[in-house]
Structure formats: structure tokens, C-alpha cells
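One structure is given here, and the rest of the page talks about it.
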Amino acid sequence: MQNNIVKKQSISISSTYFFQKIKNYFSPKFTDINGQKVIKKFPWLALFSWIFVPLAIILLIIAIKPDFQLSRYFWKSLSHFFDTKVNAHIGSAIRTPLDTFILSLQLLWKTIAFSILGTILGILISIPIALLSSKNFIKSPLIYGPFRAIMSIIRAIPPVVFAYIFFLLLSKELSATISIALFVSTLMTKWLYEDLDTYDVKSYYGVQAIGNGKFVAFKNSIFPYLTKRIFSYGFYSFEMVVRFAAILGIVGISTIGELLQDYSDSQNTFSHMSIVIWVLIAFMIMLELINFLVRKYFLEKTPKHPKIDDKLPYNEQLKQLKKQKPKTYIWKISLAIVIIALIIAASFQVDWSLANSIKLSQFKIGIKNLFHPDWSIFNNPGTNPIILGFDALWLAIASSILGLGLALVIGLFASKNIMGIWTALPFKFIIIIFRAIPPFTFAALFLLLSKDSRIFAGTLALGFHSVGMLGKLINESIEKIPNKVFQSLDSLGCSWWQKIKLGVFKQIMPQALSNFLYRIEINFKTTVVLGVVGASDFGYQISIYSADFSNWNRLAPYLLFTIVILLIIEQISNLLRKKLMTGYWLSQDNWIKRQINKRRYIKALAISRVRKIPFVYERKWATYVICESSYYKLSVLRYFKENKDDNLSYYKYLMLKDETKQYNKNVGNEIKLISKDVKTIASQAYKETYKNSAQVINKAFFIQRMKIARRSMRKAVSKYFEGYATN
């Protein structure tokens, strides 16, 4: 009889022991080093990455349907790029290569003119909005929240759509300029307020503390920092905008993109397309050189240490010091003159008139249609925004993955501190080529490669286009790595691959993945441009509905889907960026973390009371005590499993089991008591503080009073736990 009971208990305990062992395997592991509890968490992220990333890549490959059926025809078509003596027939006009070259320069200047005016205007708009959107300077979420939300919604709408809308309000040139300005302002606002959120405001408040006003404090502490960021981001935006302005050719606005579109329709004009591309490449090289000079002599210039003769009198030393003062003002004045001259010259390229009465009446009808969506398009699978939108999303993700993979390789070989200047230069040139070619040109070419899969052509187009910017950013990150890192790895005897793995990829991957996530957003919006040449069904629908104001009611559902999906992507990207850059999914002071920590401290305090051990008000210690309690349960089960054939040990196990049961019951009772105490203390502190705050804060500012009351409540709960820690 006794043996049967033991046998049944053995089966039950073995299963309990097995599942408890699995549970504890995935729980945090602790090591006690000189009294310090070192936590080693289970690598959930790595596990899920190894499982889901390959699976996701396989599913993406299935979704984009790789198609190389016309590869021979594709390579044969590319050979037409080198037919330098062929004339181009565009309608009834015949253009020689020289005509194309001259026309390319003329339209490039128009493109640059729109880009200059749009970038400057966008920067001017973004600065005040970025300041109003920064949590560091505007403490109220009622102010910075709406500004961030509005800019996120505007940023989610494809820029080409704005070009079509403004086309009915303004002249062609002015609509291009305003569309570019809106595009730049949304990007610059996001980048600037993210920078301002991480800015150390101690200097700003320090200047105010010595009696200066907010304007003086801003001018002396924040403005110099902000100026460098504005110039840095401004150049990056301008480069993006030139490519975007080229795309405006599809809207009917005369830019260099109009030429590329004309010459992409036939293989016989590919040689003329190559002329336009080489003009763009030459401009990108010139822009890269200007960017380098501005960084070297203006943004990143460090003044030399002055040399003073100590033997000279004080006045002479002062004169020597003044003579050696860095003459950065010369560069600043020169740069200002050049920018002003370019703005004036560019302004002559713009027709500053409004649209005529016919266009204005069309705009009114279009806006009315835009706010009365036609939901019937969801009934047709061929026009359903959700089905087509997710196809575009898979295209954006797949192209970003392709772009990142190629950019890592090319960016590495383009780094002069890794490969040497002469090896790096050709790869830098390749990056510039990828940046210079607009995505719709890539799409037109890759459509010649794929017979049945337009989504594959779009993936290749956006993938190669992504290499341009991702490769540039990765290359810059690698070249910023100090040589000391490689010297230390050399001293350890590391091979070339180990130096790349530990010294390069380990350092640049968080930033590279952050840029990759942002690239997904850009590529999703760029599918609209691919739609013009037929490489994206989602983009095609948006482009044809945008072009006709009477179809804006059908455009509205596509824009709603785009806004929703991009806002979701943005939030997911923000979470992943935070995890990559800080190691945490959420900020350590958010409501969810506080609730988890409070429950952890309550349970740890309950265990310390029952076990009569000193309580330590520290998160690692609390986690350690809770996990130790779980391991105690496992040890009881293990004791029986190892001694199940010994009757004396069995009775000892029963005693241990009863003790464990009573222990768990006592811990549960203590948790209830402590939870009740914490709830009472928190409630009292909140009510008293909220009531008393009315004496110093206007009752109408109830949100501010609630904030203060919540802070007081958290402090009261902390003091409760601290009281047990000190006793």
C-alpha cells in the first residue's frame, strides 16, 4: 500500500519537477560575486531572432516572387546605355546626345532651385515646431503631444500626393517648392526634437540661474548646438530633396526627373538616360565635396592651441592671442553669402503666382471628395487598399533588408580606415551612383528583368536605391571608429575578420539597424513613385487617384491606410530603436515598469518577512529573492525524486512539503497585507497632495495637480519600502 502511494506520488512529482525545471531554466540566473547579485537573463531576444528572422526572410522571398525569366533580355537592354551616337526621338522632337546634356544641366538647375528654396523654407518651419515638440523644453504633453502627432500624420502621407494637391492651388514651380518644404519640415522636426530630447539642459538652466532670460540662455547654450545639427541635417535633407524633386517630373513639374522618365520608355533612348544619370552623379560628387568642406572648416573645425611667449608683457601676450584667434567668421560670412546668393538665384526660377480660378474650383471639389471616402473600393480585391498596402509593406521590408545587406558590405569596403584610401574610393563612388539614380529609374530597368513579378522588380529597385543612403551612413559610422580600437585588437592577435566582427560590426550595428528601421518607412512611401512605372500596384492606385481631383474620394482610403500603417511602423521602430540603443524596450520610469517593480517589491518584502531576513530596497535583490524562492520549491521536488525508494526520506519529504505549503500560504497572506498597506498609503498621499496643491496652483490646472499628486504618491510608496530596508 505504502509503495503504491509512493509510486503515484513519484509520477505526480516527476511531472511537476519536470515542468518546474523548464520554468526555472527560462528564469534569470544569479551569481553572487562579493555580495553583489549579478543577473544573467535568458536570451529571449536572441532565441526569437534565430527562430523568426530566417522564417520571416523565407516568407518575404515567397511574397516577392523572385523572377529572373528575362535576365538575358535585361543584360542585352543594358548594353544600349553605351550607344553614345544614337539620337533620341521624343514625340516629333529629335535630340542629339549634346542636346540631352545641355537640357539635363538646365533641368538640373531647376531641380536644384526648387530644392534650395524648399529646404530653406522647410528648415525655418521645423525649428520652432521642433522646440515646441521637445519634451526637454516643453514639459506639458498637451503641447508637445499634438505637435508630434500632427507632424507624424503629415510625414506619413507620400510627398507626391502633396505635390498633386498644391498643383491645384499654386503655380507648378511654387507647388514643387511648397511640397519639398513640407517634406523637409516633417523630417527635420523629427530629427531635431529627438536630438533636443537627449540634450543636456543643465547649461540652459545654468545660464538662467545667473539672472539671464530664456532668450539669452537659448542663444548661448542651445543655439550653437542646434546650428550644427541644422547644417548637418540640412545637407542630408537637401541631398534627399534633390532626388525627390527629380521625382516631381511624374507630376508634370519640369525637373530632371522628367527627362529620366521620357528616356526610360524605350531601349533606344537608354544612352540618353545614361547621360542624365552621369549629370546627376557629377552633381552628387560635387555635393559630397561641399559637404566635406563645410564639415571640415565650419561644423567640426577645432581651434589650434595658441602659442604665447611668456616672457612678453601682458598687453603683448594679449595681442598675440588676438592674432591667433580662429577666423571662423570668414567661413560663416562666406557661407551666408553663398546661401543668400543661391536663394536669390533660385527664386527667379519660380513663378510666384497662385492657380487660376478653374484650378481653385477643382481644388474645392477635390478637397470635398477627399473628406468623403469611397469605401466601395474595399469590395474589389484588385483595388482593396489593405491587400495592396500589405503587398507594398512586404516590398518595403524586403527591399530594406536587401539594401542593408549590400550596404554593410559596400560601406565596409568604402571605409578608408579599414581598406585604405585607394581601395575605398571606388566603393565610395558606387555609393554615390546608387544615391544619384532615382528609384523609378531603377524600377523601369528591373521591370525588364521580371516577366511575371512586378513586386520583385520593385524590391530590387528600392533595395539598390536604399544602398545609397544606408551605405553612406554605415560608411560614416565606420570611419568614426577610433584607430585605438583596431590597435588594441591587433595587440590581442585578432585576425582581420575578428577585427571586423568585434571592432566594426559590434559598434555600428545598433545605429545601422536603427537606420534600417527608418528606411522601411521611407521605402513604403516610395512605392507610390514605383507605381508610376508599374512596379507597385498600391503606388499605382495612389498615383492615378492623386492625379485626378474627381477621384480623391477613392484616394482617401489609401491615405488612411498609409497613415495608420506608417504610424504603427513608427511606434514599432521607436521601440526597437530604444531597445537597440539603450538595451530596454521601454523607459525605466514608465507606468508598466513601475507596476511590475511595485509587485516585485511587495513579493520580495513578503518573502523577507516570512523568512525573517533583512529586506533590501533594490530591484536586483528583489528579483534574486523571488527566484531563490522558486528554486527552493525545485530543491524539495528534487529531494523526493532522488530518495523516493527510502521510506524515511519519503516521510521527510512530506514534512518538507507541508512546510513549503505553509510557507507559500504565509507569503500569500503577507502579500495581501502589504498590498493593502501600499494601496492605503498611496491613496492617502494622492488625495492629500491633490487637495493641498490647490493652495499654490490654480484649481483649473487639474492635470498639473494630478501629476504632482502622482509623484507624491510614488514617493510615499518608496518611503514605505525604504522603512523596511532600514529597520
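Note: Cβ is positioned from N, Cα and C throughout, glycine not excepted.
Under the heading domain 'ABC transmembrane type-1', TrEMBL lists 108-294 (among others).
Under the heading domain 'ABC transmembrane type-1', TrEMBL lists 389-573 (among others).
Among the features that TrEMBL reports, transmembrane segment is placed at 44-64 (among others).
Residues annotated as transmembrane segment in TrEMBL: 107-132 (among others).
With a threshold of 8 Å between CB atoms, the same-chain residues lying at least 6 positions outside the transmembrane segment (153-170) that come near it are 176, 178-180, 182-183, 186-187, 190, 244, 247-248, 250-253, 353-355, 359-360, 362-363, 366, 525-526, 528-529, 542-543, 546-547, 549, 555, 559, 562-563, 566-567, 570. If you look up TrEMBL, you'll see 153-170 (among others) marked as transmembrane segment.
The transmembrane segment annotation in TrEMBL covers 176-193 (among others).
Within the chain carrying the transmembrane segment (233-255), a Cβ under 8 angstroms from the stretch's Cβ atoms is held by residues 107, 110-112, 114-116, 118-119, 122-123, 159-160, 163-164, 167, 172-173, 175-176, 179-180, 183-184, 187-188, 191-192, 261, 280, 283-284, 287, 291, 294, 435-436, 438-440, 469, 529, 532, 543, 547, all 6 or more beyond its ends. If you look up TrEMBL, you'll see 233-255 (among others) marked as transmembrane segment.
Only residues 6 or more beyond the boundaries of the transmembrane segment (275-294), in the same chain, are considered here, and those with a CB under 8 A from a CB of the stretch are 97, 100-101, 104-105, 108, 112, 231, 235, 238-239, 242, 246, 256, 259-260, 263, 335, 432-433, 435-437, 441. TrEMBL lists 275-294 (among others) with the feature transmembrane segment.
According to TrEMBL, the feature transmembrane segment maps to 329-350 (among others).
The transmembrane segment annotation in TrEMBL covers 392-415 (among others). For the transmembrane segment (392-415), the residues of the chain that approach it from at least six positions outside its boundaries are 57, 60-61, 63-64, 423-424, 427-428, 430-431, 455, 458-467, 470-475, 477-479, 500, 504-505, 512, 516, 519-521, 523-524, 526-527, 536-539, 565, judged by C-beta separation under 8 angstroms.
If one looks beyond the transmembrane segment (427-449) by at least 6 residues along the same chain, the residues whose Cβ comes under 8 Å of a Cβ in the stretch are 67-68, 70-71, 73-74, 77-78, 239, 243, 246-247, 250, 257, 260-261, 264, 273, 277, 280-281, 283-285, 288, 410-411, 413-414, 419, 456-458, 460-462, 464-465, 467-469, 471-472, 475, 526, 529-530, 532-535. Feature annotation from TrEMBL assigns transmembrane segment to 427-449 (among others).
Annotation source TrEMBL lists transmembrane segment at 455-474 (among others).
Counting only same-chain residues 6+ beyond the ends of the transmembrane segment (516-535), those with a CB under 8 A from a CB of the stretch are 156, 158-161, 247, 250, 261, 264, 392-393, 395-397, 399-401, 403-404, 438-440, 443-444, 446-447, 454-455, 457-458, 461-462, 465-466, 469-470, 541-544, 562, 565-566, 569-570, 572-573, 576-577. Here TrEMBL flags 516-535 (among others) as transmembrane segment.
For 555-576 (among others), the entry in TrEMBL reads transmembrane segment.
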*Apart from its near flanks, which chain residues at least 6 from the ends of the transmembrane segment (107-132) lie with a Cβ under 8 angstroms of it?*
138, 143-144, 147, 151, 173, 176-189, 192-193, 196, 226, 230, 234, 237-238, 241-242, 245-246, 248, 253-259, 279-280, 283, 339, 342-343, 345-347, 349-350
